[in-house]
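Engineer: Below are the C-alpha cells for one structure; questions will follow.
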Amino acid sequence: MNPPATVYPVKSAFAAETRITRDEYQRLYAQSLQQPDAFWGKVAERLDWMKAPTRIKDTSFELKDFRIRWFDDGELNASVNCLDRHLETRGDKTALIFEPDSPDAPAQRISYRELHERVCKLANALRALGVGKGDRVTIYLPMIPEAAIAMLACARIGAVHMVVFGGFAANSIADRVSDSGSKLIITADEGLRAGRKVALKANVDAALKLPGTNSVETVLVVRHTRAAVDMQMPRDRWYDAVVDDQPVQCEPERMNAEDPLFILYTSGSTGKPKGVLHTTGGYLVYVSYTHEAVFDLREDDVYWCTADVGWVTGHSYIVYGPLANGATALVFEGVPTWPDASRFWQVIDKHRVTIFYTAPTAIRALMREGEGPVQATSRKSLRLLGTVGEPINPEAWRWYYEVVGDSRCPIVDTWWQTENGGILISALPGATDLKPGSATLPFFGVQPAIVDTHGKRIEGEGEGNLVILDSWPGQMRTVYGDHQRFIDTYFRTYPGTYFTGDGCRRDADGYYWITGRVDDVINVSGHRIGTAEVESALVSHDKVAEAAVVGFPHDIKGQGIYAYVTLIAGEQPSEALRAELVKHVRAEIGPIAAPDHLQWAPGLPKTRSGKIMRRILRKIAEAGSSELAPDQLGDTSTLADPSVVDSLVQERRVP
Ligand code: WT7
C-alpha cells in the first residue's frame, strides 16, 4: 500500500520549552473527551467574560435531538477580548504590522492602544449610521488594517460582519449582500495587488445595481489608492469623514456566547454558496486556544499568516485568534511573487517574523523559482512554519522544511474548514513527530472517524470518508437563513456525525492523511469552488446550452478547473469564443473561478435518467496528454449514448 513515511521527530528545542509536551498532549486529549465540561470550562477562562459561563457543552448530532450550544449562559464581547483587556499590560505592544503591496511603501506598526482607538471610532460611526446589534455589515476591503478594524468594530457593537473576498466580482458580492440582508458596506476606492489596481468601489457600485441589494443604506469608502471614484450621495460616505471626529471610547455590546459573530460564505457541492454562521463564545475560545497551542505562541513572537481576511483563515488566524492572544500579527497586502519570488522571505527578514503560516500552493509556486530567491535572505528569525488549505505533497513539504526553514523549524500542517472555525487536525510542535503530507493528530476535543460509503466505521489503519463524532466549540451553528440546509448538508449523510466532505487515510500510528474532497467541490489554490457555481455561470452565457465542470490535478494550484461546454445548436466553437467564456466566468464569479481548460463537448456522458457521469469527465480531465485506454474509464455501459465518450477522449485538451 503506502510506503512508510519518513518521520521528523519533535525538535529538542521545542520539547524543552513547549507549552504542551507529548505526555501532556495525551493526557489532555483523553481528558478533553472524557470530561469535556471540565476541560472546556477551564479553557474558557482564558477569555474575559462579562458573565462567566456555568453551562459548558450542550450538543448532540443526533437528528431527533440536534443542538450545538457552548457556554450558553456566558456573556462577552469579542472586541474587548481582542483589545481592551490587553491595554494595561500590552498597550504599547504592536498588534498589527502592515506591510503594503509595494516594498517601497512604508510599513506601519499599530499598537494595541491605537488599534483600540481606531476600532472604537469606527464602532461609534457605525452606531451613528444606525447599525446595531444583529445588523449585517458587508466588508469588501483589501488586506489593509481597516479590514481587521472593520471586523472588530462590528463585533464591538454586536453587528454581524460578512467579509467578501476582494477577488470576487459584482455578482458574487450581490448574492452575498442579498442573502445576508446587509445594511452597510465597508469598501475602499481601490485595492492593490502586485502593483495592479482592483476596482473595489466600482465593483460595489455594479453589485448594488443588481436585484436583491436594496437592504444597503450606506457604503463607507476607505481612501486607499486615492483614485477618483464615483460617490453617490447620500448613500456613499468617505470612511475618514465619518470616523475622524468620533470619540476614542465606545461602550461594547454585551453578547451572549451563542450570539452571531460573523457570516462567511463558502462553496458546497450544490447550489449557491452557503452563509456559514459562527457565534461569539465558542468560536473565540476555540480560535484563541488553537492559535496558542498549535503555534506554541510566545509573548515576543512576530506571527505572519499570509491568508486573506476574505477567507476563514484570515478571520481565525490573522484577526481573532492572534489578537485575542495579545500577539503581534502581520497583515500583508501583496503577493508572494511580486516584485520577485523572494518577497515572502524579505518580509520575514524585515519584520523578524518568527511564525510563518501559508498555503501549499504558494510553496509550490515559489519552489518552481528555485532556491536562489530563498538563499538570498537570512530567515534566522523563523522558528515555526505552518500550512493550510489543501494536502501538501511531500516534495513541497521537504522544500519548505529544508530550504525555507533550514531544517530548523517544525511544520504544522493544519487541517480544518470554514465550517470548523479553527484547526481540527494538526501537529503540536513540541508534542508531535511529523510526517510530510500528514496533518497528524486531532486537536483536543476533536474525535475524527473514518467511515466507508455505507457509513460503516473503519477502525485502525484504513481509508474512507472523514467524519467528526462530536462537537467542538468553534463549530458553525447554522447556514444563515437556512437551518435545514445545515442539517441536510453535514449531518444526514452519516447520521449522528458531522461529515467533512473529505477523504482520509489513517496509518498504523493513528496519523490522519487527508486525500482531498470526495464531493463536487474543487480546491483551487486552497480556495473552495463549487462545480455547480461555475456551471451556472457558463450556462448563463447565451451561446452555451450545457456545461459540466470537474477538477484536475494542477502542479501549482493543487486542483485546476476543467470545463466541458456544449454550445446551443448553430453556434460554432472558436478560440475567440473559448476566451470569451473564460472571461464571462471571471466576470460572473471572480478570477479564482476562471476555468483553466475549456473543452467543447458535442454531448455530455449521461445516464438514461439524464444524470451527468462526472466520474468519466474527471478521468478524461485527469489523463491530460497521457494515453487513455477505454478500460480506464470504468463502466460506461449505463450511458444513454456511450459514443459521446469516444469523441470527448479524441478531442480532449492537453492540460
Ligand atoms: C477544505 C476546506 C480552513 C482553511 C482554509 C480552507 C482542504 C484544508 C487542509 C490540510 C489537506 C486541507 C480540505 C477541506 N484542506 N486544510 N491541511 N490538508 N486538506 O478552508 O475553504 O473551508 O476548505 O480545504 O479539503 O475540506 P475551506
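Positions of Cβ are set from backbone N, Cα and C atoms, glycine also.
Per TrEMBL, the features are:
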- 25-82: domain 'Acetyl-coenzyme A synthetase N-terminal' (DOMAIN)
- ARG193, ALA194, GLY195, ARG196, THR313, SER525, ARG586: CoA binding site (BINDING)
- GLY389, GLU390, PRO391, ASP413, THR414, TRP415, TRP416, GLN417, THR418, ASP502, ARG517, ARG528: ATP binding site (BINDING)
- 533-611: domain 'AMP-binding enzyme C-terminal' (DOMAIN)
- VAL539, HIS541, VAL544: Mg(2+) binding site (BINDING)
- LYS611: N6-acetyllysine (MOD_RES)
- 627-655: region 'Disordered' (REGION)
Engineer: Three-state secondary structure of VAL539 (Mg(2+) binding site) from DSSP?
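Structural biologist: Reduced to three states, the DSSP call for VAL539 (Mg(2+) binding site) is helix.
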Engineer: Of the binding-site residues ARG193, ALA194, SER525, VAL539, ARG586, which ones put their CB under 6 Å from ligand 1?
Structural biologist: none
Engineer: Based on Cα distances to VAL539 (Mg(2+) binding site), point out the closest of the binding-site residues ALA194, GLY195, ARG196, THR313, SER525.
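Structural biologist: Closest by Cα: SER525.
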Engineer: Which are the residues of the chain, VAL539, HIS541, VAL544 excluded, whose CB is within 8 A of where the CB atoms of the Mg(2+) site average out, their centroid?
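Structural biologist: Surrounding the site, in chain order, are ALA537, LEU538, SER540, ASP542, LYS543, ALA545, ALA547, VAL565, LEU581, HIS584.
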Engineer: Which one of the binding-site residues (VAL539, VAL544) has its C-beta surrounded by the most other C-beta atoms within 10 angstroms?
Structural biologist: VAL544
Engineer: How many of the residues that make up the domain 'Acetyl-coenzyme A synthetase N-terminal' (25-82) does DSSP mark as helix, as strand and as coil?
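Structural biologist: Summed over the domain 'Acetyl-coenzyme A synthetase N-terminal' (25-82), the classes give 27 helix, 11 strand, 20 coil.
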Engineer: Out of ARG193, GLY195, HIS541, VAL544, LYS611, point to the one nearest ARG517 (ATP binding site) in space (Cα versus Cα); all of them are recorded positions in the record.
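Structural biologist: For ARG517 (ATP binding site), the closest Cα among ARG193, GLY195, HIS541, VAL544, LYS611 is found at LYS611.
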Engineer: Could you measure between THR418 (ATP binding site) and ARG196 (CoA binding site) for me? Cα positions, answer in whole angstrom.
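Structural biologist: That separation, Cα to Cα, works out to 29 Å.
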Engineer: Calculate the distance in Å between the alpha carbons (Cα) of PRO391 (ATP binding site) and GLY195 (CoA binding site), and round it to a whole number.
Structural biologist: 30
Engineer: Just how many other Cβ atoms lie inside 10 Å of the Cβ on TRP416 (ATP binding site)?
Structural biologist: 24
Engineer: Measure from the CA atom of GLY389 (ATP binding site) to the CA atom of ARG193 (CoA binding site) and give the result in Å, rounded to a whole number.
Structural biologist: 21
Engineer: Just to confirm: which same-chain residues, 6+ apart in sequence, have a Cβ under 8 Å from the Cβ of ARG196 (CoA binding site)?
Structural biologist: none
Engineer: For the domain 'Acetyl-coenzyme A synthetase N-terminal' (25-82), what is the mean per-residue pLDDT, to the nearest integer?
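Structural biologist: Value for the domain 'Acetyl-coenzyme A synthetase N-terminal' (25-82), mean pLDDT as a whole number: 98.
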Engineer: Cα of ARG586 (CoA binding site) to Cα of HIS541 (Mg(2+) binding site): how many Å, rounded?
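Structural biologist: Given the Cα positions, ARG586 (CoA binding site) is 12 Å from HIS541 (Mg(2+) binding site).
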Engineer: Compared by Cα position, which of the recorded positions GLY389, HIS541, VAL544, LYS611 is the closest one to THR313 (CoA binding site)?
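Structural biologist: Smallest Cα separation from THR313 (CoA binding site) among GLY389, HIS541, VAL544, LYS611: GLY389.
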